[in-house]
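A.B. asks: Pulled these from Swiss-Prot:
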- 1-28: signal peptide (SIGNAL)
- 51-396: domain 'GH10' (DOMAIN)
- E195: active site, proton donor (ACT_SITE)
- E301: active site, nucleophile (ACT_SITE)
Amino acid sequence: MITLFRKPFVAGLAISLLVGGGIGNVAAAQGGPPKSGVFGENEKRNDQPFAWQVASLSERYQEQFDIGAAVEPYQLEGRQAQILKHHYNSLVAENAMKPESLQPREGEWNWEGADKIVEFARKHNMELRFHTLVWHSQVPEWFFIDEDGNRMVDETDPDKREANKQLLLERMENHIKTVVERYKDDVTSWDVVNEVIDDGGGLRESEWYQITGTDYIKVAFETARKYGGEEAKLYINDYNTEVPSKRDDLYNLVKDLLEQGVPIDGVGHQSHIQIGWPSIEDTRASFEKFTSLGLDNQVTELDMSLYGWPPTGAYTSYDDIPAELLQAQADRYDQLFELYEELAADISSVTFWGIADNHTWLDGRAREYNNGVGIDAPFVFDHNYRVKPAYWRIID
């Protein structure tokens, strides 16, 4: 551990004992990590304090960057709400603000889930990230249907293709305008476009791209700036930004857009990672590359799978996960947050893609590759909201 970038958490622990449940929680909260540095089975499962009994993550990093969590509206009550208020000072909607959630049919808006998240963030003085205005997935098909009811991508007539392009851009602009005007006083950073780079190189051949070329990216940012104002912070968000080839493709795109005057404020690094991948060196290189363009960096969807890719051989229950594997995860979280602190001047936010291990999209991936049975455990709080070894490593 490099102590230069770490600070004691005694003060935060004292506060947590006062607000986290009273005298009855003192013994649990003072338990801390085992002196050996490795959790035994019973110690791992039952002897660690609950998330609401320990020092706050957001207070620990308040001088460096925001600590956020992705949420669904139903998680804003009970224990999960208690954990959110204690550990996080930033929120993002996991699904409730995606295009298919907000405008499933043209002109028909569904604000209920998104509004609930906005109101929770406002009530508890939290920062709010918006995810996402434009994406190739979870976008309703009506965006890409022409006025005759045909798929725009199938059109071959040049004049009709141009008309379809303008219609799609108009629909996108209207969607962005409506959303940004509604939430601009609450949202502090916007994922304007998401996952536009293809893993195989170049731009993703989405319907957006096939119909408009790169114009949809440019117009999306310009529209968000127009209706959000200069104070709106606008991000281009993607996964695997640590992969050199994909990083370079994203860098070249962003550099070109900036040279055209497109208002981009930063890059969102999703950071869906694994214990053994990517390297800290590649992670550092990605942040530094976009910092060189004068851009902010945000870690937007952090989770750390126990497995490689694909996640074959997944454990079938939480109790089957070896203590040594959770310790390896803790070591990697430690290295990662050490890097984040070192580069804190260039990283404004670190958001986990969930609250605790009992709700993660990675469980679906584990089941997909293991005959319908499998779980993952990517966060610093376990499936019962107890702290994991990773928590103790990043709170010190």
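Cβ coordinates are placed from backbone N, Cα and C, and glycine is handled just like the others.
The model shown is predicted, which means the values in this text are computed figures rather than measured ones.
Relative to the rest of the structure, where do these features sit?
C.D. replies: The Cβ of E195 (active site, proton donor) lies under 8 Å from the Cβ of W135, H136, S137, R204, N237, D238, Y239, each of these being in the same chain and 6 or more residues away along the sequence.
Neighbour count (other Cβ atoms within 10 Å of the Cβ, all protein chains): 25 for E301 (active site, nucleophile).
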A.B. asks: Mean pLDDT for the domain 'GH10' (51-396), rounded to an integer?
C.D. replies: 98
